[in-house]
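Heads up, the thing below is written out as structure tokens.
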Ligand SMILES: Nc1ncnc2c1ncn2[C@@H]1O[C@H](COP(=O)(O)OP(=O)(O)OP(=O)(O)O)[C@@H](O)[C@H]1O
Ligand SMILES: [Mg+2]
């Protein structure tokens, strides 16, 4: 089994090494090329040439926006699940809190009717979700084990049910309409607002930009003392504590940061859709984000990005192929079905995910070793 | 007195694991804590390091009452532990594991010095610096756990069965290392199944039976005590 571990590590290390051995300029050019590609992608004149890559049934820009949005969610959840090893099943609860905060602060239809601009409501939404994360995490993160999973699950369902039933604030099933789009004063050359109803591209560009900043922030965190503390907590919480790591504090940080990113996504969502009600916050979405993180390789930001990309983009793409062959494919249903199957297969053959962090790979190998009955300890 | 425990009781739910134990460790000593499986040795260690809250009683370390102090803060005060079952970080390399030991320290020079000291005590760890903790052999993990605890630069080192699962040659070696660590100025509280070795190297010892201390004395006294001999040394 040791041989297997070494192989996994060696392969990961080789790829990393090859990348790092490239001259600095080459690496920068590669990164910039990728970014340019991503920013150009939603333009029709650009993607129309990408025969095998583009979606054929649905609007490419819309799919890209949804995908980028899903990626943002996965990057946030990855901090909680991947870095700190906390099983958060109610991530969409924070998403809902963020979305409703924006809706209530901005919409003229909201009970409060204070009509803040979207841009001002976003930091408020992030603050409120972070606070709700702290409130939820403070009693729960002191406990070990599966409590957190159950509490977060309950939290997300509570928020959703409250939103569905509460008439006074959340407007029940009718929801909250007329949420303003981001920065309405920003006009394009045609005199229309850049952030409008029809064109999804600006929302994609906005989300992509946010993702880049969030990834940079997360990367810095993981390389700091905080990141080391998270790894230690994830691998062995007791051991982390007797190394002097204030485990509760860092778990709460991870949880709050994850919640904040969830809230930010919710704010974006509200700004794009202009309308929210409780149907936008189904439990399956929480599970889907989690599945994406695990699929991509928890603990690695880029793993989470790839996992989320595949989870959201692939079914749309398949639908396009199906359409070309004259098949009618229901994406929403197939998304869950395909990913159920893919996840099971992954758990058997590559439990560490597609692109795991170096450490995660070794952790999984270690667990396998523990599970192997033939291996006697030396 | 570096460590003093007064009348400590500890509960796991409704099960009482410690029934009011009292013991002390003087500065510079090696003290052995022996007892049968399930006697409460690990529980005692976890109470001292703060991983498990106590129901009543007092833990006084270095002149301060630390009974209610969080585990990570006790580390800073000078309690280092190599836990039972080693608890190395499987995904971190040997080097990273050792660096985790210095997590709460800022003195770069001191850390480098201690790292050299640990590699000196365990040359094997130096050879395996870049290997993942989880892929080390059991014996190597044991060394890593002890080395990592040393990296916290403890005043008191808690060792929970450091010889567990080691080959006889290595057992001898690890006890020699413990003696060396002690001679270099670290006080050691040692839990051991291997009572013979532990008592012959310890200044003093305690015998724990189902959550109570039933005997104490110098290492030599306990080694020659007929009851201890029969119960823990396998000689009638
Ligand atoms: N987490 C726990 N929950 C409930 N009971 C526990 C827990 N940990 C230990 N115990 C019980 O407390 C008692 C003391 O256990 P402890 O681990 O301290 O024994 P020990 O002396 O270290 O034994 P060993 O030599 O086998 O390591 C045992 O009866 C054990 O079953
Ligand atoms: Mg024990």
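The backbone N, Cα and C atoms fix where each Cβ goes, glycine too.
Automated prediction, rather than curation, is the source of TrEMBL annotations.
Under the heading transmembrane segment, TrEMBL lists A:25-42 (among others).
Annotation comment: TrEMBL describes A:63-83 (among others) as transmembrane segment. If one looks beyond the transmembrane segment (A:63-83) by at least 6 residues along the same chain, the residues whose Cβ comes under 8 Å of a Cβ in the stretch are 41-42, 55, 91, 95, 200-201, 203-204, 207-208, 210-211, 214-215, 218, 221-222, 227, 230-231, 234, 254-255, 257-262, 264-265, 268-269, 272, 289-290, 292-294, 296-301, 303-305, 307-309, 311-313, 316, 357, 360.
Positions annotated as transmembrane segment by TrEMBL: A:89-106 (among others). Residues 73, 76-77, 80, 112, 114-118, 120-122, 124-126, 128-129, 132-133, 149-160, 163, 169-170, 176, 179-180, 258-260, 262-267, 269-271, 276, 278, 280-283, 285-287, 289-290 of the same chain sit 6 or more residues outside the transmembrane segment (A:89-106) yet have a Cβ under 8 Å from a Cβ within it.
Feature annotation from TrEMBL assigns transmembrane segment to A:118-141 (among others). Sequence-remote contacts of a segment are chain residues at least 6 beyond its ends whose Cβ falls under 8 Å from one of its Cβ atoms, and for the transmembrane segment (A:118-141) they are 86, 94, 97-99, 101-102, 105-106, 147-148, 151-152, 155, 179-183, 248, 251-252, 255-260, 262-264, 266-267, 271.
Residues annotated as transmembrane segment in TrEMBL: A:203-221 (among others).
Annotation source TrEMBL lists transmembrane segment at A:252-271 (among others).
Among the features that TrEMBL reports, transmembrane segment is placed at A:283-314 (among others).
Remote same-chain partners of the transmembrane segment (A:334-350), defined as residues 6 or more beyond its termini with a Cβ less than 8 Å from a stretch Cβ, comprise 284, 288, 291, 294-295, 311-312, 314-315, 318-319. Summarising the annotation, TrEMBL assigns transmembrane segment to A:334-350 (among others).
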Residues outside the transmembrane segment (A:25-42) whose C-beta sits under 8 Å from one of its C-beta atoms, at least 6 past its ends, are 19, 60-61, 64-65, 200-201, 204-205, 208, 212
